[in-house]
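**Student:** Starting off with a structure, shown below.
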Amino acid sequence: MEEDLKLQPDSETLTTPNSEVGAVELVKHEEENEQVEQDPGYVTPPEDGKEPVAALSEPNYLGGEDDVLLKHIARQSTIVREALKECTQTPLTVEELSRAYEANLFSPRVPPKKQPNGTCETNPRLNFYPVFAVPEALATYHIFFKNQRIPLSCRANRTRGDGLLHLKAGAHIPEIVSLEEVPKIFEGLGKDEKRAANALQKNETENQNVLVELEGDNARLAVLKRTIEVSHFAYPALNLPPKVMRSVMDQVLIKRAEPIDPQQPDLNSEDGQPVVSDDELARWLGTQDPSELQERRKMMMAAVLVTVELECLQRFFANPQTLRKVEESLHYAFRHGYVRQACKISNVELSNLISYMGILHENRLGQNVLHCTLQGEARRDYVRDCIYLFLILTWQTAMGVWQQCLEEQNLQELNKLLVRARRELWTSFDERTVARQLANLIFPERLMQTLQNGLPDFVSQSILQNFRSFVLERSGILPAMSCALPSDFVPLCYRECPPPLWSHCYLLRLANYLAHHSDLMEDSSGDGLLECHCRCNLCTPHRSLVCNTELLSETQVIGTFEIQGPEQQEGASSLKLTPALWTSAYLRKFIPEDYHAHQIKFYEDQSRPPKVPLTACVITQSQILAQLQAIQQARQEFLLKKGHGVYLDPQTGEELNTPSLSAAASCRSQKHATQGKQASHRATAIPAETTKAVGRGGDVGRQPGRGSFRRGGGGADGELGQPRRGGPRGRGGRNHRQRQGTIFQKTRSEPTSENYPAPATATMFTESQP
């Protein structure tokens, strides 16, 4: 009972001290024999200022003078203190503190250090940031969307969409259009689409849902249309940088309306007025017809708001070098083709590499084989949507860099260029000409090349999946409860798409072209050499083991030789074909002459040979490669046919001429057959001693140390591992242990008597033998 009356010691993890003002203690009520709470009032703190530490009630490895759990708070406090160093004033709100915290974590002034393998070292400061949160400091341009009503002619309402998007050999890269070329837009279902029977009654009362149940819907779209009801979608922003478009609008079309200053009202008199007046435009065009002037203004408006954006998109993505790098990134994202072949030979998962803004990272948590779980139309829709999102992510990254790099001085120079070219723009021949001239001013060649050199990034399917969920959530669609893809809400052609969404239509068509051009729509791999086969121009024929025989021969001699220079020469280098060396050369192997960027032109569909001869990666001379392969094959045959005894690899110590157990069984059966023929003329009952003599008989048996195809001879009844009595050595010692592990090396067709001595140079081989 006395133990129950004592004060219980505080737990070490508590933050409230024992001597706190107003602390509560338990006492014993004498009359009722029960515990009651009493306030002892103010307790005088200790003179030294340190609180007494209560002893632990039970052993705890986290205790001691310094509580290890406090290190977690100390580290976080250090990070917050570093984030506040650059602030001129102490943040007073959570928003300001979060902005400073994210800027210090994700946008430091000093870039992260690079490791020897090229990736950035891990940042332990990120351990305190929410794991699955999207930092606002990184999503500078990706948070902008274009909320618009979904066209009734979108991909989800086209039952024959997969067939319309199918591209055959010879198809070309998609082009852009203008409003002059496509003056009329159709956004209906079309006469070929038939509503489902249960969708007629449903849509009578629900007119807000754009997705219509059709008879020919596939399984995914049928489930999607029964799961969600949507009318608008948040399309990711593809606009040019706002700073650039503001200058274009102010100097070409119409001046912005600024807030009216009551003290100086005359300064804002021209706000909201056209930059080019009717009189000035009539003088430039040489006509006074109001209809012609109005048509010219419509053309300029369409060129500035729609066509110039398409022109910049096409210039950026249609470049052959950009297309090649985009397809290379897709091969990494889908672990496809030559990337899969390199991973197999190097035994390194190259698809774990991701990058952003030119900084390379290694992330082993990403997935790159998710598309392998799908078949048919579902796989094609998923691959097409992944590439569509990848193109959007790449373009938004470029626009974000462009927006952040622009200073006030750059905008002033741009305004001067636009003012100088104003008359030329307004008097151009057509809409496409205006868009090209305007793109030359705002998107010059130097800027485009700079962005193309740093883009696109390496991504994984997990990154694209997170981006997909981010887009769907902004549109009010719960990804976990629906099987929607952002590309489902984009029309398939320009004449069925409203002009504000033409950029998305172009990227969807370009994604479909890249999916076919990269041979991602279908699985072309097989067994054997076809395990990593891909028909695209990046892989076939120069990187394909099926088509390039010299490349196949080179892979067979990887790690089997080492060429050394003269020892007397200083700095003499050696050549050793390692998997890492071969993989690096294999990834860099690209033949631009046989790469057809703007047309689907697979090697297997061509009747002509490649423009550049097929060669290996490292050893490009076929004579040297053939000689190395012949040497390797001769050494293997020598060890298999004429080698006796045990040959050890000087580097690994493994036995080089140890055959399989099947060879030993075949030789044992051959020996029993020979013994049966020699003893057929004798009586049935033969003593054991006679049988042993027959087993060792013949010319081979009389040679000491050469009996029964092995050093040390054979046993009484053909068993392995027993020394013969005429052998030069006994059972014991190291030589006996080596002979125990030796098995047959001869085949049935070889003679039973050979006098070839063991090669004296066998132990000097530096090649790795099978």
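Keep in mind that glycine also has a Cβ here, set from the backbone N, Cα and C atoms.
For 1-20, 30-49, 661-770, the entry in Swiss-Prot reads region 'Disordered'. Residues or ranges marked as region 'Binding to host EIF4G' in Swiss-Prot (evidence: sequence analysis): 248-312. Taken from Swiss-Prot, the feature domain 'RRM' covers 315-433, and the record attributes it to sequence analysis. Sequence annotations record features per position, and here Swiss-Prot assigns phosphotyrosine to TYR332, TYR647.
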**Student:** For TYR332 (phosphotyrosine), list the number of other Cβ atoms lying within 10 Å of its Cβ atom.
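**Tutor:** That number is 22.
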**Student:** Averaged across the domain 'RRM' (315-433), what pLDDT does the model get? Just tell me the whole number, please.
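**Tutor:** Averaging the confidence scores along the domain 'RRM' (315-433) gives 93.
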**Student:** Counting by DSSP, what is the helix, strand and coil composition of the domain 'RRM' (315-433)?
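**Tutor:** Across the domain 'RRM' (315-433), DSSP assigns the residues as follows: 84 helix, 8 strand, 27 coil.
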